[in-house]
Amino acid sequence: MRRLSSWRKMATAEKQKHDGRVKIGHYILGDTLGVGTFGKVKVGKHELTGHKVAVKILNRQKIRSLDVVGKIRREIQNLKLFRHPHIIKLYQVISTPSDIFMVMEYVSGGELFDYICKNGRLDEKESRRLFQQILSGVDYCHRHMVVHRDLKPENVLLDAHMNAKIADFGLSNMMSDGEFLRTSCGSPNYAAPEVISGRLYAGPEVDIWSSGVILYALLCGTLPFDDDHVPTLFKKICDGIFYTPQYLNPSVISLLKHMLQVDPMKRATIKDIREHEWFKQDLPKYLFPEDPSYSSTMIDDEALKEVCEKFECSEEEVLSCLYNRNHQDPLAVAYHLIIDNRRIMNEAKDFYLATSPPDSFLDDHHLTRPHPERVPFLVAETPRARHTLDELNPQKSKHQGVRKAKWHLGIRSQSRPNDIMAEVCRAIKQLDYEWKVVNPYYLRVRRKNPVTSTYSKMSLQLYQVDSRTYLLDFRSIDDEITEAKSGTATPQRSGSVSNYRSCQRSDSDAEAQGKSSEVSLTSSVTSLDSSPVDLTPRPGSHTIEFFEMCANLIKILAQ
């Protein structure tokens, strides 16, 4: 597999120390803003222009383990070309032997998810304004053949003027379909019926469904589909029946029903939404311009002069980089940073709120609260058991007595890794599941359906979260070919737990792996008996069966 360093210059990429702080390229890294699928996101400051950026750090080892090297290269190349006022911009990519640094636009307002948690539902006018911005960004990327597939309030950021910015657009497209639930923090509430049922889908229609769920959350402060019991939640989503509060405008209800149409062929398109009477009210012209060009080809003399002063270079050098479209050159990056920051300020004055956002929106608590790892289940507020997004705030839940989740796609434990796997093996044996051992901390499990005689399959992988905590991750398996090609272990039925104990490692070995925030625990392969691998193709969706397997296993482990 070709190394990513082969497509990025290394000369300016080496990490340096700047007054005791880490410096990468021209950026001085600061505090951690959050932790994503591939690594951390830190705030950065351009050492010459002084502008803030968000630096997403992609760990090469994790990229290789997820087998997304080629996809990351293609997606980054595309995202670098995107320029839209409501999509987080990618300014530059810097590569080192250990990490890839994506220098992106910085916004200070936090997540839409957190804002709704703190303030509750928005009024209709404000909900429409934000939804118009979100849909404009979705439309822009769809026209460039990029689909998000994981739209949710956590992926919509807010700037200081309460404008929406879609994050991770295109990065989630690198994930395989089978990994959707695992990469969505165990919450399928925003997923379209065709996604959770395992049917094929083109892509844009799933973003429409998720956008409809976001619109509902903006207007109601709740989720249209929610339930403590996963199979029941899936049934609600597949039925497409949701509660509409009386305070909702009949016009927006018709739009929601069109967007949350179960049949993707009958679901609203972006064209349908744009032509809807509710959506067209107070629609700024810049969101859907006749000429879809969002960037000017004219050279900004003031920005050009500022770059020359900061870098002590000639105008010819800067112009050469711009005309040659050398987007990786520091001069070009600095120029576009200056242009974009000025444009953002002007757009805020021209199109958005003239007053400052409320203090409650920009307080320190809101900006620094860590990203929620999973969505907790909430106390029902009416006989309809509506779950408010406001109650999703873990800080509030401490005071409101909100009960913890009954399910998620993983189990956390502070027991020793070998003890965890021993208990897992006992539970699998008690349930009479079949399994094979890939390594002492990675199992592939299957259960035979007594009615259809087909198999439901899942994998169990133990991860180290920190020096004391481990996560047992559940994942559905639909690819028998990959499973057969692994060849590292053979299936076993009701095997002995002693096989795991023979793979024990010392506590010092376990502590040595605590250096990474989340590393897979690996060891030598354990070979059991040689039962044949079943390669019989399985029909359709096994999502429900997968969650039933998870529920049964969790029930036994909880005893």
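Placed from the backbone N, Cα and C atoms, the Cβ positions cover glycine too.
Swiss-Prot gives the label phosphothreonine to one of T12, T32, T232, namely T32. Between S494, S506, S527, Swiss-Prot assigns phosphoserine to S527; no such entry appears for the others, which is not proof they lack it.
In summary, of the candidate residues S486, S498, S520, the record from Swiss-Prot lists phosphoserine for S486, whereas the others have no such entry there.
According to Swiss-Prot, of the candidate residues T244, T382, the site noted as phosphothreonine is T382. Looking up T222, T355, T469 in Swiss-Prot shows the phosphothreonine annotation sitting on T355. Between S65, S456, S524, S530, the residue that has phosphoserine written against it in Swiss-Prot is S524. Candidates S127, S295, S502, S508 were compared with Swiss-Prot; the annotation phosphoserine appears at S508. Shown are the binding-site residues V35, V41; of these, the residue with the fewest other Cβ atoms within 10 Å is V35.
Shown are the modified residues T32, T269; of these, the residue with the fewest other Cβ atoms within 10 Å is T32. The DSSP secondary structure for V41 (ATP binding site) is strand. L33 (ATP binding site) falls within a strand when secondary structure is assigned with DSSP.
Taking a C-beta cut-off of under 8 angstroms and a sequence separation of 6 or more, G39 (ATP binding site) has the following same-chain neighbours: K56, I57, L58, N59, K62, D99. Taking CA atoms as the reference points, T32 (phosphothreonine) and T269 (phosphothreonine) are 38 Å apart.
The Cβ of D150 (active site, proton acceptor) has 24 other Cβ atoms within 10 Å, all protein chains considered.
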